[in-house]
Every structure is written in structure tokens, then in C-alpha cells.
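Feature list (source: TrEMBL):
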type     : residues : note
TRANSMEM : 79-99    : transmembrane segment
TRANSMEM : 111-136  : transmembrane segment
TRANSMEM : 148-170  : transmembrane segment
TRANSMEM : 191-208  : transmembrane segment
TRANSMEM : 228-245  : transmembrane segment
TRANSMEM : 257-281  : transmembrane segment
TRANSMEM : 287-310  : transmembrane segment
COMPBIAS : 334-347  : compositional bias 'Polar residues'
REGION   : 334-361  : region 'Disordered'
COMPBIAS : 348-361  : compositional bias 'Basic and acidic residues'
Amino acid sequence: MKPRPADGQWDWRGNLTAWADMWSDQAKLEQQIIADAEATLLGQIFHFVHPNYWGYVHKECLELNGTYSQFTNPMLGSVYLVTGFTYELIYIPVLIAMMNKEFFQHACYKIMFAMGIMDIISLVPNALLAGYYLFVGGSICTYPLLNVWLGFIAYAFWCGYCSCAILLGLNRTLDFGWPRLAESLFKDWRVYVWLGLGPVGYVMFVLLTDVPSQFNPIMGGYFFDIDIFKPMEVMMVSFLVRLYRKSSVGVSTMQKVVVIQCLSICIVMMIASGIYCFMQFIPVPVFFVVISTMMWQFSNGAPGVMYVVVNRSIRTAVLTMLGIRKDTKTGHLASTASGNKVGSVSTAKKDKDSEAVEDKF
């Protein structure tokens, strides 16, 4: 029997010829699929950014010897697809409604809109594509370009989303405690500078320096490197908790609800991040990976559901846009949005905000 090819000796054509009896027909087919993908324009662009990655894909898929394609799970795939489509159908009208001037004039809504864009894009690989893979036994070995680019987007946008959450927490914190400073930092075009330097810059950094996540059809989830900035989410959660504890006296109910809303988003993200980071290093059962993936999907889809359920103004705008409800104006939104208004808040205004909070949130 011929010896197994040594590590690093992964000229795929040479290996297939010299050790032809070791590889299955599926493995040979996958090597050709990967080579064809690498030769495309998108494959060459990826090769330019990460010149060693295609060799790694060849090696990994040859070692797997075609086993990934044998694993399908239509039932779990159906769950992923239904979950993904449901979140998308709820979230897209919310984002369209959020573009209305009454919402978009406030910095916090601009940040939440950016988070929403990342959410609906991220749901494509982590829910819709994952569900399809489970139906056909798909992986990077059989769909290399799709997995490489959408896996790239999934990971990079998750990092950018975390950065957006931190930026949203910062905006809400400053508006909560230092409204004049919040206006000077986030008013009008300034919020776009923050988004460009923070989330967008972070996404580009990840795209240029990291590698894509890969879907494992056996485990039903993605696997990738740890993001070194995840502890920042924990710091933001801790800070928001402390602010909420201090908010029991002297602030409006509206401001408390804003903190709770940001806190909820950060907690969901922290749990999903923690579980996913844990399973990258510790062997876990399949159900744990499935729960982790569904938590990831939930972290991307929950904000859209939350806006519809909790935020009456957005819910009204969505229902009106869909023709389910007649057009009605929420005249007090601008005065209660806590966008980035300047000046101290009088007791009378706090009472007014408290009465209006149910309509806004």
C-alpha cells in the first residue's frame, strides 16, 4: 500500500494521480469543482487577498474524501429556511419604514438601520444558505465560491454588527447622560463618520485579514476564528446595566426603555458570540451547534421582531405601508424620540415623555 501523502504536499492533481486508489470519486469531483471555482474572476480576487486559502481548501476536502456530501438533514434544513424567511419578511418592511424622516432624523435610528442591513444580509448565509446546504449535503467542497464569499460576509458582518451594537450603546449612553456631547458627536452627517470609521472599517479589516467561516453539514453550523474584540460587548453590557441601575431616579421612563432596548440587543449578541466561540475549541454535541446557529439567527432576526412588537410607531408605519392600517400620524414622535435633543430635561418634559413612551417604543 502506498504511503499517505505528507503534510504540505498538496498538489491536488499530483495527489489524485499518485494515490488514486485512496480517493473516492466524490473527492476527485470536488477537487475539480474547487479548481474551477479558483479559476473564476471571484476566485482570483479571493486568491489575491488570501493567496494560501485555496490550497487549504484543496487539502481539507481531499482529507475528507467526499464525506461531507453524504450528510443531509432536510428536517433541520427546513427549520433554518423557515426561520430565515420569517425573519427576512418581518425585517425588510421595518427597515423601509425606518427610512421615514420622522425616524431617520435621529442618529440612533441611523445606527439601527445600519444594523438592520447587516442583519438581513447575514441571515442569507447563516439561515437560508445553511438550510439549503442541509438539504443537499453542501459545503465548501461542493460550493466553494458560494461558501467562500457568503462565509466571508457572514463572519465580517457579524464583526461589523458587534461594532454597530457598541456604537449604538455609546450613542444611547451619551444621549442618556450627556445630551449636548451626544449632539456634537452624532448630529446629522457625524453619525455617518462614526459608522464609516467603526463598523464599515471593521468589516473591511476582517475581509482583508481573516478567512471565511465554513459550514459543516455534519454539525449543522459554521466554524471560524475567534474575534479578539468580543470582550467589548461584555464591557458594553456591564456599562449599560450600571446605567440602568442608576436610572431609577431622576430620568424619564422613555430613557429607561431605550437602555433596556440596547441592553437586550447586547445580551443576545453576547450569548450568541459566547456559545459560538466556545464550540470553536471545545468538542460539543450536534444539538449544541444547532442551538448556537439558531441563536446566531435569532440575534439577526430578533431586532426586527422587537421593533414590530414593542415600537408602536414603527408598527403603525409598517401596517400603513402594507395597507393593513389607514395612514395616521404620530405627531409626538419627534418630541419623544430622544434623538439627540440638547439641554436639560425638565420634570414636565419627563412626564410628557413617560406618557408618550408607549407610542414610541
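Every residue, even glycine, has its Cβ placed from backbone N, Cα and C.
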- line: Counting only residues at least 6 beyond its ends, the same-chain positions whose CB falls under 8 A of a CB in the transmembrane segment (79-99) are 109, 112-113, 116-117, 119-120, 123-124, 126-128, 130-132, 134, 293-294, 297, 300-301, 303-305, 307-308, 314, 317-318, 321-322
Query: Which one of these stretches, 111-136, 148-170, 287-310, has the most C-beta pairs shorter than 8 Å to the transmembrane segment (191-208)?
result: 148-170
Query: Cβ under 8 Å to the transmembrane segment (111-136), counting only same-chain residues 6 or more beyond its ends: which ones?
result: 72-74, 76-81, 83-85, 87-88, 91-92, 94-95, 98-99, 104, 142-143, 146, 150-151, 153-154, 157-158, 160-161, 164-165, 167-168, 171, 191, 195, 199, 215, 217, 220-222, 293, 296-297, 300-301, 303-304
